[in-house]
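Database features, via TrEMBL:
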- 137-155: compositional bias 'Pro residues' (COMPBIAS)
- 160-169: compositional bias 'Polar residues' (COMPBIAS)
- 195-205: compositional bias 'Polar residues' (COMPBIAS)
- 228-242: compositional bias 'Pro residues' (COMPBIAS)
- 285-294: compositional bias 'Pro residues' (COMPBIAS)
- 309-343: compositional bias 'Polar residues' (COMPBIAS)
- 446-482: domain 'Zinc finger Sec23/Sec24-type' (DOMAIN)
- 519-758: domain 'Sec23/Sec24 trunk' (DOMAIN)
- 763-847: domain 'Sec23/Sec24 beta-sandwich' (DOMAIN)
- 858-958: domain 'Sec23/Sec24 helical' (DOMAIN)
- 985-1057: domain 'Gelsolin-like' (DOMAIN)
- 1-169: region 'Disordered' (REGION)
- 184-351: region 'Disordered' (REGION)
Amino acid sequence: MSSTHFSSQNGAGGPPYANGPSQNPVALQPPGPGYMAHQTPYNPMQGKGPMPPGPGLYNSGPYQPIPPVSSNQALPVQPMLNRPPMGHPHSMTPPQSASPGPGSRMPPAHATPPPVSANNYQHAPAPAWQYGGTPPMGAPPSMGAPPPMAMPPFRPVGNHMTSSPSLATPQASLAEYSAAPPVFHNATQPLGPPTTLQGYTQQGSAPLPMNPMAAPHSYQPGMRAPYGGPPPSVRPTPPTTGPPMGNANPPLGPKTDGHMPTPGNGAQVPNSFDHLEMGPTMAGPVPPQQPGPPTRHMGLSYPSLPPGYQNTSAPPNTATMHHPMQPSTQPYSHAPQPYQQPSAGPAQLSPSLAGLSLQSQTPESLRVVNLLQERNLLPPGPVTPPTPCLPQDLQKINCHPEVFRSTLTSIPQTQSLLNKAKLPLGLLLHPFKDLSQLPVVTSSTIVRCRSCRTYINPFVSFLDQRRWKCNLCYRVNDVPEEFMYNPVSRSYGEPHKRPEVQNATIEFIAPSEYMLRPPQPAVYLFVLDVSHNAVETGYLDVVCQSLLENINALPGDSRTKIGFITFDSTIHFYNLQEGLSQPQMLIVSDIDDIFLPTPDSLLVNLNECKELVQDLLKSLPQMFGKTMETQCALGPALQAAFKLLSATGGRVSIFQTQLPSLGVGALKSREDPNQRASAKDIQHLSPATDFYKKLALDCSGQQVAVDLFLLSSQYCDLASLGCISRYSAGSVYYYPSYHQQHNPAGVECFQKDLKRYLTRKIGFEAVMRIRCSKGLSIHTFHGNFFVRSTDLLSLPNVNPDAGFAVQMSIEENLVDMQSVSFQAALLYTSSKGERRIRVHTMCLPVVNSLSDIFAGADVQAITGLLASMAVDRSVTASLSDARDAMTNASIDSLTSFRTSVLTIQQPGLLAPACLRLFPLYILALLKQKAFRTGTSTRLDDRVFAMCQLKYQPLAYVMLMIHPALYRVDDLTDEGSLNVSERIVPQPRVQQLSVEKLSRDGAFLMDAGSVIYLWIGRNCNPNFLTQVLGVPDYAAVPPNMNMLPELDTAESQRTRAFVGWLREQRPFFPILHVIRDESPLKASFLQNMVEDRTESALSYYEFLLHVQQQVSK
C-alpha cells in the first residue's frame, strides 16, 4: 500500500539518563530479528497514488531518488532503543523509510531539508525510524529504484525528527500513529562541533529531552521488559465498617512532580524534578539527570457535480447544537456525588461492558455517509466530541473534554489493531485552563499508588474500606487513616466518597515534601526594544500605559519583584532601589561581555518601590522619543535578563520590533519575497542559529520562562527568535505591520492581549507528568516546554492559555483490560507562593473490533494532533512532505474503513458519520497559512501560524483550521442563549464556500484570531442603518474595526453575538468590516476552503482525489 506517511518519532524517547551516558541495558540489545517482520507499524501519513497536480497543490513529475538524508557521515554506534540523542546543535535530517514500499504513492521530496532546531524538533541528529529490517545507521544507503509511482517521503515529525541515512524510498508519515514501537538505531551525526548547553552534556550523552514530542519510551518490540499481567479480577466488596487501622500510608520520600531548585548564585542545580514528582516513596533522592546533548490531471472545466451533491440537505444531527467554544454546560464534577463503586472497578469492568459491542446496534457515529453525494455535512453548531462507551456512573465523573481528550475514545486492544485502523492515538490537554469551579483539597497526606505514583482518582477500585486498587498498574494499596474522614460530609469510614474519588479534575495544596526550596516569589522582568524603529511604532506608550493601569493586578503577593531592561545598541538597566528620588539608568555598552552593574537593586519589591516603578513607566516613552539609534542587541539583552533572574526564576517579557543586528544572536534576513508564492518547498523554517535555543535551555534550568512579543512590519526571523520561548515554556505574540497611527486595529488587539497577559493567573517552577495504564506508552510531546526526562515536562512558567498534545502507542496487548486510564499531574507554585498539584484523570474503554475504534474516533482531536505532527514534519523534512502526509492520513483511514469495517461495498467515497468532516479538515489544513503553497505568505506569518498550531488548545486551533461562517443580517432570538442576562443569537454555521454568500446579506467569519464581517453590495439597508449606522453601502468606512453602539434591537443582537464569540477565547480577535473593494477581501476569501483557487483543489476535487486513492 502506501509508503508515505507520518512516522512518529520525536526523539525524546528512552529511559531517563542519570549523569552521563549510562543507558538502559535492555535498550542496548540489538533489535529482535522477528518483530518487525510480522508487525509493521502504520504510518498515518502514507502517500497514496500521485495527487492530481491540479492547481499545483502536490508535487508532480518524474520520481527522483532522494539523496542520503545527511551529508554528514553517520558515526557507527551501538544500536539502541532509546530516545534519539539530542545533544548536537540542529542536526536534523528528514526521516525516511527503510526500503521502497511496493506501493509508494507520491513523487519523492526534492532536496534534503535544512537542519532543524525547533521545539519538538530534535536538537541533535536523531536515529532514523525504520521499520522492518533496519540496517545499521552506518550502512551505505541503498538507492534501489523505487516503484514507478512513488510518493514523497513522509516521516513523522515529532518533537524530534530523525532521519535515516540509509534508505531507498523515503516514506513520509505524520506520526507513526499506531506504529508498533519502532526500533531506534542511534547514530550521531554532528553538523558541527559539539556544543555544551549549560548543564547539559552533548554528543554521545543522554538525549536532550527538550522536545515535548520526544518519544519517551523507545522500546524494541519483542524485547519489552516483561510486565506481569494485570492481577486477577477481584470483585470488590462494599466497604465495611470497623475499628480504624493504623495508618498504612507509605512513608514519604522525594516526590516527582517536583521542580528544580536554583541556588542563589544562579548556578545550574541538579535536576531534582523526578524525585519530587514521584512522590514520597522512593528511598533517597534520585541522582540528578543531565540531558545529553496525483497523476490524474484536472481539466480546465470544473468537474460536474453529481445531481444529489448540490441539493442534499444536512444529515440529521444528533449532537447538541452549541456554538464553537461555547462554555460547556456540563461542569466538572465538583461537588461530591453519590458514588456507586462499579462491581469491579474500571480496570476490571464486568464482561457486560465488553459486550456492549457497538456493532450490535449501529450507532449514529458509524452511519455510512457518501461524501460525494452529501454536501451539507456541517452541523448547525459546533462539532461535539464523542462520549466514551462507559458505564453511566463512570461517564458522569470522567474528565471534561475541554481539559483532557483522546483522539480515540475507544482504545484498541493491540498495536496491530491500531495499525489496521490507520488512525492516530494521542491525547490533547489544556491542563491549566481557567475553570469556574475547581475542587481544592488541603491535606497532609496525598494518597498515591506506592508503585506507579498515580494519584487516587474516581477510577480506582476499593476492594474494601481499607484497600484500593490502582487503575493504572493494578497494585493494591492501603487506605491511610486520614483518608477515612470525608471533609465534605464530615463523616468517617467512607473513603470512596472523598472529593479525590468524586472528581476527575482536582487540585491539591502540596505539603512540604513537594518542595525542594521555599516557593519562589512572582518575578516579572520587562525587556524593551527602544531603538528608533521601536519608538517609531509607538508600542512603548501602549506597554507603559498598560502596565500603569494593571500594576496592581499583576498576580503575586507581598514578595512580588519587578525589573526593567531596555536595549538598542547598548543595554540599559534601571536602579529602582527604595530610597532613590527617581529611577537611575545604568548603561552597559560592552555587549560582548555583559554584566549586571548593581545586581541587588535591579529587581525590586513591587510593593515597596511602586512609586519609582510608576515614575519610570511614565518617563520611558519620552526618554527615547528622539533616539536615532537603529541597531538592536537582543541577544546580549537576553543574556542580561538570564543573569538577573537565574537566582530566583520568573518571567521575562521581551518586546522586539526588528531583526537583531548586534552581538550574540545577531541575525540576517533569510526571506526572499519573490519566492513567497512560487516555491514548492519553503526554506528557512528552522532556526538560523542555536543561540536562542541554548539560552532557552539555560533559562529552563533556572526556572525562567521567556515570552516574546514581536511587533514588526519587516521580516524578523521568528523561526530563530521563537526558540527562546518554545524551549522555556513561554509564549509568542506576533503583531505584523504594527503601528500606532497606521494600524489602529492592531493597536487595540495588542492592548487587549497585553491586559490579559499581565493579569491572567500564572504558575511558576512547574513540571507536568502524564501517566497511563500499563501497556500504553507515550512517545512524542507537542507544545512549548523542555522534556526533563522521558515523561516529565519542565515548565518554568505555566499559563491558562497553553495547550499540549502527546502521541501514544500500545506497547503491550490490553487483552485482559476493559478500560484504561490516563492521568496528567501538574505541580506548580502559585503567584501567592503556594505549591499546588492539579490532577486530571480520564478513563476510556478498551475494544477489540475496528468498528468500535471508528465509532469512537474524535475527528477534531485527530485533526489537531495531525496539525502538530505536520508542523514538525515541515521543519524536519519539508513542507511538501507534511502536506502529502496529511492527505495520506485521510486516505488511509477511509481505506481502512471501507475494506475492514463495511460489510457491503457500495460505490462512492464512504466514511463513518464521525469522520465525515475529516477530508474537509485535512483540505482546510492544506490551505491554512502554515501549510499553504502557491499563495504569497510571509515567512514570519507562516512560522507564527505553525507556532499557534503547536501550542494553542484544540478549541482555538480548530477555528484557525476551519473558521465558522454565519449569516448575521437576519439574526433572531429563536434558539438564542441567555448569557449573563444577555440574549445571544445562535445563527447556523454555513459552509465555507462563496456560493453560500449572498450580495443581499452580511456574513460574519470567525477565524480565531480575526473576525471578518463581509457586507454584500446589495445588503439589506435596514442592517446598514440599524447595525453599522450608515445610510447605504457606499458609506461603509474602508477601515471599520468596531460596531457602533446603537440603541436598536439589531445592533444589540449583533454586538451580543460578536462579544460572545470573543469571550470564548483568551486572546482578542480583531473585527474587520469589509466590502467588495476592501483589500482584506482576499484574506476573507482565502478562508473559503471549499472553493478552488489557482493553487489548490476545491473540496469536491479533493474528494475525487481521495476516492481515486481509496478505490485502488
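Easy rule for this one: first residue shown is 1, then count along the chain.
Using the three backbone atoms N, Cα and C, a Cβ is placed for every residue, glycine included.
Note that the structure is predicted; figures quoted are calculated from it, not measured.
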Cβ contacts the domain 'Gelsolin-like' (985-1057)/the domain 'Sec23/Sec24 trunk' (519-758), at least three under 8 Å, sequence gap 6 or more: yes
Per-state residue totals over the domain 'Zinc finger Sec23/Sec24-type' (446-482) - DSSP helix, strand, coil: 2 helix, 12 strand, 23 coil
Secondary structure tally of the domain 'Sec23/Sec24 helical' (858-958) (DSSP, helix then strand then coil): 71 helix, 3 strand, 27 coil
The domain 'Gelsolin-like' (985-1057) - residue tally per DSSP class, helix then strand then coil: 23 helix, 13 strand, 37 coil
Number of helical, extended and coil residues in the domain 'Sec23/Sec24 beta-sandwich' (763-847), per DSSP: 0 helix, 60 strand, 25 coil
